[in-house]
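Visitor: Sharing a structure with you now.
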Amino acid sequence: MGLVGGILGFVLGLPIGLAAAYLVYLRFFAPRRRLQDPIIRPLRDLDSETLQKMMPDVPLWVKCPDYERVDWMNKFIFDMWPFLDKAICKIIRSVAKPICDQYVGKYGIESIEFGNLTLGTLPPTLQGIKVYEMREKELVIEPVIRWASIANVTVNVKVHSFELSAQLLDLHTILTPRVTLKPLVPSFPCFSNLCVSLVEKPHVDFGFKLLGGDVMAIPGLYRFVQDQIAKQIAILYHWPKVIEIPILDGASGATKKPVGILQVKVIRAMNLPKMDLLGKSDPYVKLRLSGERLPSKKTSVKMSNLNPEWNEHFRLVVKDPETQVLELQMFDWEKLKMHDKMGVQVIPLRSLTPYESKLFTLDLLRSMNPNDQQNKKNRGKLVVELTFDPFRDDNSMSAVNSDREGNISIKRDVPPGGGVLLVSVENAEDVEGKRHTNPYAVVLFRGEKKETKVIRKARDPRWNEEFQFVMDEAPVDEKIHIQVRSRRRRLLPFHSKESLGHVNINLVDVVNNGRINEKYHLINSRNGKLHVEIKWNTV
């Protein structure tokens, strides 16, 4: 009984003693908590770093006035995410499969397959977006992307009949990419390349399991892995390093810059078919390069001649000698009705050697369809001579010149040959007419007149149209006249057109430097400006 009484006393006395000691500590020894009013400071007195710590989840469009609100985009991504998740995972599988197949059969690896592959139900959100002014036909945007996903990616690897599994969980990342769309072109989606870089070091957080065990639970490994991944991503893609993604292929002529001039000499035609009632034909030739929207060039008409000789020269601007072809069409001229097509033929430019003339004797065909039975009929021959002259390197410069005052200038060597003058009328600002403002631009040079489209009811029109002038010599001592006009559609001719200002540009700087890109104040305009880019390429 004594033993039992002692055990019961210990069991009951120990908790009672501990409770009594705790009460005594709270009553006499514990420091009393002093209640103080919290320090309240206005937000305007806090720096940006303190604000970021206090309000990490507040969108950037609230904290930084440079960022725009994009709730509509987040709503769109949220509604589309179930479908985007499946589509993105399908692309990941298709891209990763050939990469994984390269390791199958090596190091004892028998198979590499995805188990689970989902990006979760939570889509990435845009905390804000900043858009920079468009310069040099490019658009720069900086979105801030935050993604706290419930991703679950499992990869199963079979090595010597033993299965290994690796699992990626709960990916959380914060990115600030700089996305550049350039160059902007008049072909959908209106930009040729997508350039992406990171403005800041990314934040990356995720869980990783190997064989079912949480690897990130190892002391010290979690922080080391996260820092190394963020560091390596920053090394590869931190601005000014970029990853460039081509959007439009080279088949689109709008994405290509001029690389040379094609010299075409239409010499003669032989044994042409009789198209008129009197047993004669009135032939002429139309020629153009594929992928161009410019009007076709034409030879003169040779009346009543089945073996005409022209010996006429033409020059065409080449943008892609690997894919473009010269299209030749023979027509019979008619005075009162549509001209009859006599035959066609094409010449691929890739068959030419630069700076070497090549003579072609072509059999005219009814069409370029190889299954057309009418092509077996004799339609005569056409003789042309072609020469492809690539442009010279724009970086070929002469020595540095210095005047007496120490001013330094670089002047490019101007070869005696010809070239092409590219005039790009970009946009105008603050143009205003007295009666109407439907602006369009007129380019006048060497007697040629070229016009842009009309933008109705606009004070800041944007045309982005390019015009070409092929010349035998450099226009060193010449000027180009560009006028902004307004046109109104009406029955009466009174005040139907109005001048909104003009500029005269000396081309000597264009020839010496190869290119200018300036905004000019319009003469006879109050505040109007005209943005023009002019390039000179020599052969």
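Numbering starts at 1 and runs along the chain as it is shown here.
Keep in mind that glycine also has a Cβ here, set from the backbone N, Cα and C atoms.
In case it helps, TrEMBL gives these features for our protein:
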DOMAIN    66-248  domain 'SMP-LTD'
DOMAIN    239-362  domain 'C2'
DOMAIN    402-520  domain 'C2'
Visitor: If you average pLDDT over the domain 'SMP-LTD' (66-248), what do you get?
Guide: 80
Visitor: Within the domain 'C2' (239-362), how many residues are helix, strand or coil going by DSSP?
Guide: 6 helix, 56 strand, 62 coil
Visitor: Can you tell me how the residues of the domain 'C2' (402-520) break down into helix, strand and coil by DSSP?
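Guide: Split into helix, strand and coil, the domain 'C2' (402-520) gives 6 helix, 63 strand, 50 coil.
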